[in-house]
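Enquirer: Take a look at this one; I'll ask things after.
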Amino acid sequence: MLASQLLLHAAVLGLTILQALASNTFTAAVYEHAVILPDATTKPVSPKEALALMNKNMDVLEGAVKEAALQGAQIIVTPEDGIYGWRFTRETIYPYLEDIPDPAVNWIPCTDPTRFAPAPLQERLSCMARRNSIYVAANIGDKKLCNSSDPSCPSDGRYQYNTNVVFDPEGKLVARYHKYNLFMSETQFNNPKEPEAVTFDTPFGKFGIITCFDILFHDPAVVLVSKLQVDTVLFPTAWMNVLPFLTAIEFHSAWAMGMGVNLLAANTHYTNLSMTGSGIYAPDGARAYYYNMKTENGHLLVAELDSQPRLSAASLPDVKWSSHALSVEKLSFNDHDFGGLIFHDNFTFTEITKPEGNLSICQKDLCCHLSYKMAGKREDEIYVLGAFDGLHVVEGQYYLQICTLLKCKSTDLNTCGEPVETAQTKFEMFSLSGTFGTNYVFPEALYSGVQLAPGEFEVLNDGRLISKTRPTKPVITVTLFGRWYEKD
């Protein structure tokens, strides 16, 4: 009897230890979906036709959810526009929308589908989560009636929102987020009156959720991380890549590192609009990522993450981003300074003419400092050090401070800043820093072929972004991308 009691106690203790260990990590999945698009039309289709199109996409997503669950994933994120695509006016998207209630109503659509207005999308997503015992995050459209007593009520009497929903493993609606920072082409949707900071708790950490363009703004992205202290951010997106800084995989991995959180980024896959690039990112770099401009296939990523990344030894130290650059006593200014455009922003560049050395370039209050040694100076490739300190005003207005080492498209300096995907030059070492006025700086390194460099560079607490491998792989760009939110 005593022996059996000891065995039972040992088994219970072992299970408790395993559960405790399991709570320190979790398995996440993201699915990059090659969305099936509706036909372009100026007239609304019937609700039946709209649902038929959405069910085609849901069939694909359901397969991804099942596969993720089989691989042990506890949560999966699917893309923005992943269920109905785009090509909509305000009128033509209406048949695709559902009325999504506040999660406080404690609703499981899978088991109680008629409690609210017809909601076949929410019912099916709920059942996906429930049948596979997994959290499911998806992007759909919400509609809310309003009346003339509301001065901001649209003339058609309804609000329409780009909306993320999350269902827990029982199928219960646990989160609803209305996208606040709409991209300039999203005229079919309304902004909510105030930014929403949506969080939900799980056995493996505190989660927040935002959508695509939101990631570039203080509200709600920074609020979730800095004020509400979420551990992981869910990020459905339809991201159109813009080299050299705003390619999905490089910026999203840099944002996770700079903010010190996990980021689950699920992108729409549509190469005609340069949409690709999904990843499972931790503060120490990408745990898994996907970038493919050659085929039109979807792709599932699954990886393990720390539940509380701020407690991880791999998280960034408390970085004083301008410390090193301000301490440089004598900056070696170059007489090869010139101007150039990157994504419509006027950069100041200086050409790198020697195989090794120290360079600085300044614009307004930002001075960027580079120490470097090339593995071999090539005559057919030109690199520059660049600085930008100003307000970006193209698809939205936001204040940037950027220091960058980047390859020019050709040996013609007029091409510096144009998109480049390949390079041959390797570096024995690089160290990049800047006199940033903001604490929100995101470190990027992008290699030839639009490849990330997880574990191959690090950020020191004095603000230097340095290489760890000797030599590096061929470099497209090394960048410190600063967002000075207070100046927007």
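Any Cβ shown, glycine's included, is placed from N, Cα and C.
Features from TrEMBL:
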ACT_SITE  Glu80  active site, proton acceptor
ACT_SITE  Lys179  active site, proton donor
ACT_SITE  Cys212  active site, nucleophile
DOMAIN    31-307  domain 'CN hydrolase'
SIGNAL    1-22  signal peptide
Enquirer: At the level of the C-alpha atoms, what whole-angstrom distance separates Glu80 (active site, proton acceptor) and Cys212 (active site, nucleophile)?
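Expert: About 7 Å separates the two Cα atoms.
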Enquirer: Just to confirm: which same-chain residues, 6+ apart in sequence, have a Cβ under 8 Å from the Cβ of Lys179 (active site, proton donor)?
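Expert: The list for Lys179 (active site, proton donor) reads Tyr161, Asn162, Thr163, Asn164, Glu186, Phe189, Ile210, Thr211, Cys212, Phe213, Asp214, given in order along the sequence.
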Enquirer: What's the number of neighbouring CB atoms sitting within 10 A of the CB on Cys212 (active site, nucleophile)?
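Expert: A 10 Å sphere around the Cβ of Cys212 (active site, nucleophile) contains 26 other Cβ atoms.
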Enquirer: State the count of C-beta atoms found within 10 angstroms of the C-beta of Glu80 (active site, proton acceptor), not counting that atom itself.
Expert: 26
